[in-house]
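Right, one structure below, let's go through it.
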Amino acid sequence: MDEKSSAGKKTQGTSTFTLEEACDVEKNIGRQRSDLSEMHTPLLRIKTGRSYNAFAHEDADLFPDGGWRAWIVVLGSAIGLMTVFGVMQTISSIQVYIQKNMLKDVKISSTSWIFSVYMFCNLSVGIIAGPLFDLYGIKRVLIPGILLNCGGLYGTAFCSKLSHFIISFGLASGIGSGLMMNPLMSVISHWFLKKRGLANGFAQAGSVAGIFFPMMLRSLYPKLGYSKTMCILASVCVALCLISFCLVKDRRFVIADQEKIKERSLWQNIMAVLDFRSFKEKPFALLVGGLFFNEFSLLLVITYIGTYAETRGMSESDAYVLVAVMNSAGVVGKVVPNYFSDIIGRFNVLVLISLSMALSIFVLWLPYYNNVALYIFTCVYGFGYAGSYSMTPVTISQISLTRQFGSRYATAYFIVAFGNLISMPIGSQFINAQTVHNYNNMIIFAGCTTLVATTFFILSRTAIVGKRLIKFV
């Protein structure tokens with residue numbers, strides 16, 4: 001009996017020790033998995049080869065992928081992005097007016113710095129907005145973003161010199177819109193996985209403001225003058241921002257490793273966002289290369305299409321209409337490609353869009369048959385450029401873990417931002433004389449950079465699944 005009792009006690013003791021040891025081992029495994037996720041290396045094994053699964057690296061149960069609350073967030077994001085994309089798509093209308101009035105004695109290559117600084121700040125601020133979003137949530141980041149974005153627009157209403165425009169519109173409004181854009185787009189990935197493309201498309205349909213803002217400026221400039229018109233634009237943006245602020249909500253406590261984020265200082269979190277290790281992965285590095293050259297040409301087209309139209313004989317009023325037509329096509333371009341991206345693949349759609357943009361430049365814009373052909377070009381290109389914008393976050397998220405998305409998106413656009421900073425000063429050198437011949441040189445330049453971007457997108461896709469044409473990727 002004593003031996004049996006003793007044996008029983010030994011067995012029981014051994015069992016207890018083994019259970020505790022198993023718990024410790026399980027914790028260690030969890031830590032190792034977390035560390036491996038941060039190293040980015042396992043992701044390549046998941047996303048390459050014939051057994052490719054676009055969602056295998058995520059826990060699908062963490063994402064609602066629908067429901068009223070998730071779609072309310074999409075609505076709030078769309079309304080907030082109206083003030084970001086709406087103003088971004090109105091820069092051509094602003095450029096046309098100030099170039100002919102307040103800055104009529106300034107070279108077009110000099111005024112280009114206003115909008116290149118705006119776009120640079122808009123995109124590069126993502127390295128700050130990303131960690132702020134991860135650390136404090138979306139609403140605390142939106143507050144300074146709204147103040148700077150709308151405050152900069154109010155300041156722009158009273159500018160009269162080049163330096164004033166650069167400070168108010170380029171820096172203040174640019175930084176503010178950058179603080180808003182990254183969180184408003186990133187929050188979608190907290191709620192959606194398999195329907196992320198569609199949800200992102202609906203959110204970016206906030207670019208519908210790009211239709212109304214140019215038409216509003218066209219109508220109010222002659223009646224109220226520049227200052228009052230810009231004040232009205234700023235006030236509309238304030239109202240939209242307040243509605244968006246009330247509707248959006250993040251799920252960072254479910255998605256992100258909050259303990260790890262809070263252990264680091266804000267500066268450490270900001271520096272952690274610049275995830276240059278991701279460039280060791282060919283698909284990501286090539287994708288960013290494509291985005292760099294794509295944005296390089298995009299900014300030239302959407303900024304100077306208005307002044308080009310005037311050079312071809314269109315009135316200033318009709319030039320505003322042309323911008324509105326391009327932005328109208330862009331609204332469709334924000335949604336339709338995202339819908340099909342969930343069916344045939346995000347990279348497949350991005351490649352097709354980029355190729356169509358390049359062809360439209362060389363086939364429709366450069367030959368310039370007549371004004372009708374110019375309107376057709378703006379429709380085709382507007383659809384394409386909006387689609388390429390909306391496909392960027394979903395292609396990056398497809399080759400990233402959700403908790404890595406914010407940092408990878410910010411890192412990508414930190415690089416792309418430098419393309420925006422130099423694209424307009426370089427491209428505008430072609431058109432200082434503002435003749436048709438000068439504009440044709442700029443058009444060729446924009447078309448060639450778009451072809452380079454398309455090549456990078458194709459190479460990025462090939463790095464994921466090889467040369468197979470029929471594949472969801």
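Even glycines carry a Cβ here, placed using N, Cα and C.
Copied over from TrEMBL:
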{"type": "DOMAIN", "residues": "72-473", "note": "domain 'Major facilitator superfamily (MFS) profile'"}
{"type": "TRANSMEM", "residues": "68-91", "note": "transmembrane segment"}
{"type": "TRANSMEM", "residues": "112-133", "note": "transmembrane segment"}
{"type": "TRANSMEM", "residues": "162-185", "note": "transmembrane segment"}
{"type": "TRANSMEM", "residues": "197-217", "note": "transmembrane segment"}
{"type": "TRANSMEM", "residues": "229-248", "note": "transmembrane segment"}
{"type": "TRANSMEM", "residues": "284-307", "note": "transmembrane segment"}
{"type": "TRANSMEM", "residues": "319-340", "note": "transmembrane segment"}
{"type": "TRANSMEM", "residues": "347-366", "note": "transmembrane segment"}
{"type": "TRANSMEM", "residues": "372-391", "note": "transmembrane segment"}
{"type": "TRANSMEM", "residues": "412-431", "note": "transmembrane segment"}
{"type": "TRANSMEM", "residues": "443-464", "note": "transmembrane segment"}
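When Cβ-Cβ distances below 8 Å are used as the criterion, the transmembrane segment (229-248) is approached by residues 72-73, 75-77, 79-80, 82-83, 86-87, 90, 138-139, 142-143, 146, 149-150, 153-154, 156-157, 180, 184, 187, 209, 213, 216-217, 220-221 of the same chain, each at least six residues removed from its ends. Listed by sequence, the residues of this chain that lie at least six past the ends of the transmembrane segment (412-431) yet keep a Cβ under 8 A from its Cβ atoms are 108-109, 112-113, 115-117, 119-124, 126-127, 274, 284, 287-288, 291-293, 295-297, 299-300, 303-304, 307, 392, 396, 438-439, 441-442, 445-446. Taken together, the residues of the domain 'Major facilitator superfamily (MFS) profile' (72-473) have an average pLDDT of 88.
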